[in-house]
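Undergrad: Sharing the features that Swiss-Prot gives for it:
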REGION    1-401  region 'Carboxyphosphate synthetic domain'
BINDING   Arg129, Arg169, Gly175, Gly176, Arg208, Ile210, Glu215, Gly241, Val242, His243, Gln284, Glu298  ATP 1 binding site
BINDING   Gln284, Glu298  Mn(2+) 1 binding site
BINDING   Gln284, Glu298  Mg(2+) 1 binding site
BINDING   Glu298, Asn300  Mg(2+) 2 binding site
BINDING   Glu298, Asn300  Mn(2+) 2 binding site
REGION    402-546  region 'Oligomerization domain'
REGION    547-929  region 'Carbamoyl phosphate synthetic domain'
BINDING   Arg707, Ser746, Leu748, Glu752, Gly777, Val778, His779, Ser780, Gln820, Glu832  ATP 2 binding site
BINDING   Gln820, Glu832  Mg(2+) 3 binding site
BINDING   Gln820, Glu832  Mn(2+) 3 binding site
BINDING   Glu832, Asn834  Mg(2+) 4 binding site
BINDING   Glu832, Asn834  Mn(2+) 4 binding site
DOMAIN    930-1059  domain 'MGS-like'
Amino acid sequence: MPKRKDIQKVLVIGSGPIVIGQAAEFDYSGTQAALSLKEEGYYVILVNSNPATIMTDAEIADKVYIEPLSIDFIERILRKERPDAILPTLGGQTGLNMAKNLSEAGILDELRIELLGTKLSAIEEAEDREEFKALMERLNEPIPESVIATTVEEAVDFADTHGYPVIVRPAYTLGGTGGGIAATHQELVDISANGLELSPVTQVLIERSIAGYKEIEFEVMRDAHDNALVVASMENFDPVGVHTGDSIVTAPVQTLSDREVQMMRDAALKIIRALKIEGGVNIQMALDPQSYKYYIIEVNPRVSRSSALASKATGYPIAKMAAKIAVGLTLDEIINPVTGTTKAEFEPALDYVVFKIPRWPFDKFATADRRLGTQMKATGEVMAIGRNMEEAMLKAVRSLEIGVTGLNDLTFDELSDEALLSALMPARDDRLFMIADLLRRGVSIETIHAKTQIDEFFLDKVSHVVEIERDLSTHVGDIEYLLYAKKNGFADATIAGLWGQTAAEVRKQRHDANVLPVYKMVDTVAAEFESQTPYFYATYERENESVRSKKPSVIVLGSGPIRIGQGVEFDYATVHAVKAIQRAGYEAIIMNSNPETVSTDFSISDKLYFEPLTLEDVLNVIDLEQPLGVVVQFGGQTAINLAQPLEENGVNILGTTVDDLNRAEDREAFDQVIKTLALPQPVGKTATTVDGALNAAQAIGYPVLIRPSYVLGGRAMEIVSSDDELQDYMQRAVKVSNDHPVLIDSYLVGQEAEVDVLSDGETAVIPGIMEHIERAGVHSGDSMSVYPPQYLSQKVQDEMTAAAINLAKAMNTIGLMNVQFVIHDNTAYVIEVNPRASRTVPFISKVTHLPLAQLATRVMLGEKLVDMGFETGLIPADDMVHVKAPIFSFTKLPDVDSLLGPEMKSTGEVMGSDTTLPKALYKAFVASNIKVPQYGNVLFTVADADKAEAINLAKRFNNLGFALFATSGTGAHFAEQNLPVDILDKIAESDNNSVAALRSQRLQVVINTTQADDRAESDGRLIRNAAIENAVPLFTALDTVSAFLDVLESRSFTVNEMK
């Protein structure tokens, strides 16, 4: 069937900010879809609230709107643009829920706008628990015994009848939000109450637990002619009970018989046909390991995290195909872009193994509960490809960037065999390392299987890795064992550890013995047809399929898995660097390990190496490709950390030299630059011992800001106010040494601001100054940023501009640099310099219309800014105001304290733009899912230091008609100032307390700045958690409250008595 001619304009809805459960995979799928529709000649309008995406670049669609994904704003865009159709299935759960809401509001019918790809009835049948259950019963497909509950009592009745444990699955939520496994009555009451609160339709499915069954996923495609195929089958290493986003996953399935695969494949095809979905679907199933009995767990009627993984695992671009199918093309009409010859109706075939491991944020959040369940906690994931499972598994392990190169780098010596075996359940993020340690101790595969229900096939693969470790340690220097270990994925560093050598020595032995990797192509057809894809992975075999181009090449290092502090912003910069390299006439090569991102779409670069970002793996590619140079500035700390070892191996690092990169990170060298330029800077010292740190802090005077050197996202950064707090920090957060000093600075109270600088060593251009709303002490990644500045004096802006330009020149910056300031007593103090692309690059690029990463890459390749039409200085701003706001995922991590501080906690960002600051702020709050009430009750519970400032804010709320509530200390202070206030008791004292008020929906806003306290049961912490659980706007910084009040005041009319 040819593509539809009756539609011309299509609106694509993006997925919004990155949160746990919905990450960069939707930037990848949305970008693919928009480009795919443009390729077919359609006029594409794109709306998304996330500025850190490739998807929101001007060239991706004909019109791009960075606006809140709310009904109000989408309706405005629909009325203005009048598209013929909406494609909602590529924007994750956000896109689907928006389509449903627009339809129910009657907007689609009124404007005669059609939904493409998936009809609303199919969305409802898959997402509404009751309709899904009815459909499965009609199809005679088995689902676990269950009941749809709209009250806690209904949930409890089911469990009392069918027994515990039960699984709670809320309807229309993301990443298992609000769900869980309840083993007791009280757990069920708590989980179901929370799930009902978070479900937009107040509905949860309570089902008999089938935890322990094998979890299998199928990615399925269907077109309007009812042609359907399975793109990929994937098997979870973890049995049912761990959210698939937190599961280790292999592709293709590893432990099923052909009969089992065909049985479940048939069921998947039957379901997509029954739903009449035109596009892609993810179907999750559970298989009883003891029989041929299976259950359908869930159907996602959209492109998902798993489909991004399946696309990268097979090379089959699901989102691109789904977009073409949505406009009427059929699978037998679409060419498979990987082969360039076969049609899209051919099911991909794999002659390799893919291994995905999630990346969790527990290195950032020491207090978080590391146990895994049905609610997702991972921020990102890595994928690795190998010729056998051991190879793929070990490549994935070293891709995680958690300081390990193999399974023997993380051991649990402090635990007995019994304690370690017991710690395996419930599953934790480090279970793979626990299993290896148990096997090393001689605990049997059968014992571990009985405890975890992980298939013995997978456990045997881990056991094989442990056996190879043992063999290596008794055959030091043996090349035969070395080759066998390399074929099974062992890193040089792991082998070096077992041989008592350095990784460089092992590398030399390997090269001397000609034990070198070859590169195989990912071609979707298991080499059955000729292929033209430039997508490769390393393995230790004979035939190399990657041929070095005659054209000079440049390698760009990606940023690895998405984690807090290093998000999709760096992938954005990586993709732009590739475009600039290609336009300059070079071959652009990407190395990355993240299956969710645009950079690992093989059509972006001239060559893609899906490999770990370690020194060994990068050098192997460099040995083959012999590039002109390597770009490290866009890969976050991952790539920057490789700069020096790469240079030591003779690699040409493009842009700022390694010596100058190190000068920015080395405290004494950097201080020297600051002194030479006579720039104001907070008093700071370096310490390499605990006593040295105490002496430094006492000399500077408390409070001090303390942090390790070489970090990203403020990891292990704190403000401490006494010797006791400092000693606690030194024991808990860092291992201090000569090689790893800590930096101690005077903590200056003041507003923060920052600039990105583009420099070629002679000309330094500042695209804009970003002013933070929160004062110093809140990490810049967690602050709201405003461009252009609204409150900074001209004197301060001039000081910042001059300081940044002088720093760029003094540091010999070639490319990008980020400079952060604190404004104290109307003077700009330099607090940090990052000699690389920062997380603000996408935002400042969008609002100034300057492709900074591309310009920086051109500079690295030798172009001069003067020749591009730039001169040194600050570029003037236009009349619009833009706000970048952080997004947090605290609902997924209830054990993490939401009080903001110098350690970064946000997972994503949104942008609000308008003609005035209050309007831009309003959009930013709406895009952040912060309700902006017109009136209601506001709770104040603030630290002593904040009480005077809180009075003014409370008066402003009171003038708007809000009723004031407070905890006892804050309330007494308000009463002294004659403010009308209702005082709530301490939580332990009575039911008239803040948490109860939040649970009963009596409070509309919570302002809580009571200091962090490691006790999870402290009142401040419990109030913060209750606000998050009940979706009540929570503010932990008074500056943000003031900005929120600016919005409320701008939207309200004054009512005054006549004088």
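Along the chain as shown, the residues are counted starting at 1.
Cβ atoms are placed via backbone N, Cα and C, with glycine included.
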Undergrad: Assuming the binding residues for ATP 2 are exactly those in the record, Arg707, Ser746, Leu748, Glu752, Gly777, Val778, His779, Ser780, Gln820, Glu832, what is the maximum CA-CA distance in angstrom, rounded?
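TA: The two farthest binding residues have Cα atoms 18 Å apart.
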Undergrad: List every residue in the same chain as Asn834 (Mg(2+) 4 binding site), at least 6 positions away in sequence, whose Cβ is under 8 Å from its Cβ.
TA: Ala664, Met817, Asn818, Val819, Gln820
Undergrad: Between the Cα atoms of Val242 (ATP 1 binding site) and His779 (ATP 2 binding site), find the distance and write it as a whole number of Å.
TA: 32
Undergrad: Reported in the order helix, strand, coil, what are the DSSP residue counts of the domain 'MGS-like' (930-1059)?
TA: 55 helix, 21 strand, 54 coil
Undergrad: On the DSSP side of things, how many residues of the region 'Oligomerization domain' (402-546) fall into helix, strand and coil, could you say?
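TA: Computed counts for the region 'Oligomerization domain' (402-546) are 70 helix, 11 strand, 64 coil.
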Undergrad: Using a 10 Å cut-off on Cβ-Cβ distances across all protein chains shown, tell me which of the binding-site residues (Val242, Leu748) has the largest neighbour count.
TA: Val242
Undergrad: Report, in whole Å, the straight Cα-to-Cα distance of Arg707 (ATP 2 binding site) from Glu215 (ATP 1 binding site).
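TA: Pair distance, Cα basis, whole Å: 42 Å.
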Undergrad: Enter the number of other CB atoms within 10 angstroms of the CB of Glu298 (Mn(2+) 1 binding site).
TA: 18
Undergrad: Quick check on the binding-site residues: of Arg129, Arg208, Arg707, whose CB has the lowest count of neighbouring CB atoms inside 10 Å?
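TA: Lowest Cβ count within 10 Å among the binding-site residues (Arg129, Arg208, Arg707) is Arg208.
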Undergrad: Between Glu832 (Mg(2+) 3 binding site) and Arg707 (ATP 2 binding site), how many Å separate their Cα atoms?
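TA: On Cα coordinates alone, these residues lie 12 Å apart.
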Undergrad: Given the model, what does the mean pLDDT over the region 'Carboxyphosphate synthetic domain' (1-401) come out as?
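TA: A mean pLDDT of 92 is what the model gives the region 'Carboxyphosphate synthetic domain' (1-401).
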Undergrad: Including all protein chains displayed, how many Cβ atoms other than that of His779 (ATP 2 binding site) lie within 10 Å of its Cβ?
TA: 22
Undergrad: Within 10 Å of the Cβ of Glu215 (ATP 1 binding site), how many other Cβ atoms can be counted across all chains shown?
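TA: Excluding its own Cβ, the number within 10 Å is 24.
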Undergrad: In whole Å, note down how far the CA of Gln284 (ATP 1 binding site) lies from the CA of Asn300 (Mg(2+) 2 binding site).
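TA: Checking the Cα atoms of Asn300 (Mg(2+) 2 binding site) and Gln284 (ATP 1 binding site) gives a distance of 8 Å.
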Undergrad: Considering Cα atoms only, can you say which of Arg129, Arg208, Leu748, His779 is the nearest neighbour of Glu298 (Mn(2+) 1 binding site) among these binding-site residues?
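TA: Given the candidates Arg129, Arg208, Leu748, His779, the nearest one is Arg129.
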